[in-house]
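A.B. asks: In case it helps, Swiss-Prot gives these features for our protein:
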- 87-121: repeat 'PPR 1' (REPEAT)
- 122-152: repeat 'PPR 2' (REPEAT)
- 153-187: repeat 'PPR 3' (REPEAT)
- 192-226: repeat 'PPR 4' (REPEAT)
- 229-259: repeat 'PPR 5' (REPEAT)
- 260-294: repeat 'PPR 6' (REPEAT)
- 295-330: repeat 'PPR 7' (REPEAT)
- 331-361: repeat 'PPR 8' (REPEAT)
- 363-397: repeat 'PPR 9' (REPEAT)
Amino acid sequence: MKTLELALPPSPPSLVPSFNYNSTARSVGNDVRTNFDVQLFLRKPKHQKSEPVVVIQQPQIQPQNPSSRCSTSDILRLMDSLSLPGNEDIYSCLAKESARENDQRGAHELQVHIMKSSIRPTITFINRLLLMHVSCGRLDITRQMFDRMPHRDFHSWAIVFLGCIEMGDYEDAAFLFVSMLKHSQKGAFKIPSWILGCVLKACAMIRDFELGKQVHALCHKLGFIDEEDSYLSGSLIRFYGEFRCLEDANLVLHQLSNANTVAWAAKVTNDYREGEFQEVIRDFIEMGNHGIKKNVSVFSNVLKACSWVSDGGRSGQQVHANAIKLGFESDCLIRCRLIEMYGKYGKVKDAEKVFKSSKDETSVSCWNAMVASYMQNGIYIEAIKLLYQMKATGIKAHDTLLNEAHLQM
């Protein structure tokens, strides 16, 4: 007789919910396995040979798909069905959840639920609701709530102000700042330097030069210039650069005893915008002499400036060597600028080396830059080959390159 090993069917697994409030999803874990083996041993005659054991393997239990995360609306409905009263702690958690998930519907239902409740919200709690609506992109609701607030603190003003900046409503942001300034003069709060930096950005966007100059004077009055705040200094340099006042921008830079990367990057941007390409290269050299760290923005503007300097690409090669030394050559934007610069000077082989050194084969800008370099130097066959490779890879080429390729074909 042969020996049989029988595996009973698995018992139903117990569902143990695993909630993780720090993650974006909740999962229902299931790692339960059952294995009840029963063996029936029968006497075997001596004249029979032993046969192999037949094993019926137990099928593995597949884990269930993770359950979807409960939304703010679901929790509010559950509270209503159980007649659970709400409080500021619960509502604050739900407001934070709606803000993180950009849940406009949940934010609206939470607002209605709070209005129907009997709680008397504090300023801190209302600020949480303001932040929720701003995060959900509802600046209109935020302004309505803000305008109806009988008392406001600095956070109330800052949330609405930054919401206007984030949404691109720069005129309203400037108007809010003027109102905030009047409110702060009553001793309610002090305006920090980063608010003034944001106001300067708004002034540049709405082309209000006079208001920006008044903000600069306010920076002196409040002592922020003496503190040499890097963000504020960079904002001032960018502001004057937007209005093509390079002398004023450079004066702000030279007044700094320890100008950092932010301030110098703003100066490099201003000089490139005004077509001062030699000055951009001098800025780059000056940063190196003073030991100031360079960032991607600085390298990008300097390489673009090198494309317009008639030196056969020598300046660009030196900047390239510096980029390799500091580890910026692997950046997608820097590689694109290098390909454009080498293509401008007819150094196609150098452009190809930069292009082929990339480990990321899906960089659209680098592929288009390499095609443009080929066409710029009359190497249309290689350009068309590269366009076919882009099509096979699923990379979209610029329409101007495609039109020029069709003309050459």
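Backbone N, Cα and C define each Cβ position, glycine as well.
Looking at the shown structure, what environment does each listed feature sit in?
C.D. replies: Restricting the average to the repeat 'PPR 1' (87-121) gives a pLDDT of 92.
DSSP labels the residues of the repeat 'PPR 2' (122-152) in these numbers: 23 helix, 0 strand, 8 coil.
Same-chain neighbours of the repeat 'PPR 3' (153-187): 123-124, 126-127, 130-131, 134, 137, 139, 142-143, 146, 195, 198-199, 201-203, 205-206, 208, 211, 218, counting only residues six or more beyond its ends whose CB sits under 8 Å from a CB of the stretch.
Tertiary proximity for the repeat 'PPR 4' (192-226) is limited to same-chain residues at least six positions away from its ends with a CB under 8 Å from its CB atoms, namely 158, 161-162, 165, 168, 170-171, 173-174, 177, 180-181, 232, 234-236, 238-239, 242-243, 255.
Long-range contacts of the repeat 'PPR 5' (229-259) within the same chain: residues 193-194, 196-198, 200-201, 203-204, 207, 209, 212, 216, 219, 265-267, 269-271, 273-274, 276, 290, 292, each at least 6 residues beyond the stretch ends and with a Cβ under 8 Å from a Cβ of the stretch.
Summarised by DSSP class, the composition of the repeat 'PPR 8' (331-361) is 22 helix, 0 strand, 9 coil.
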A.B. asks: Counting only residues 6 or more past its boundaries, what in the same chain has a CB within less than 8 Å of a CB in the repeat 'PPR 9' (363-397)?
C.D. replies: 332-333, 335-336, 339-340, 342-344, 346, 348, 351-352, 355, 404-405, 408-409
A.B. asks: In the repeat 'PPR 1' (87-121), how many residues does DSSP put in helix, strand and coil?
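C.D. replies: In the repeat 'PPR 1' (87-121), the DSSP-based counts are 27 helix, 0 strand, 8 coil.
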A.B. asks: Looking only at the repeat 'PPR 9' (363-397), what are its DSSP counts of helix, strand and coil residues?
C.D. replies: 27 helix, 0 strand, 8 coil
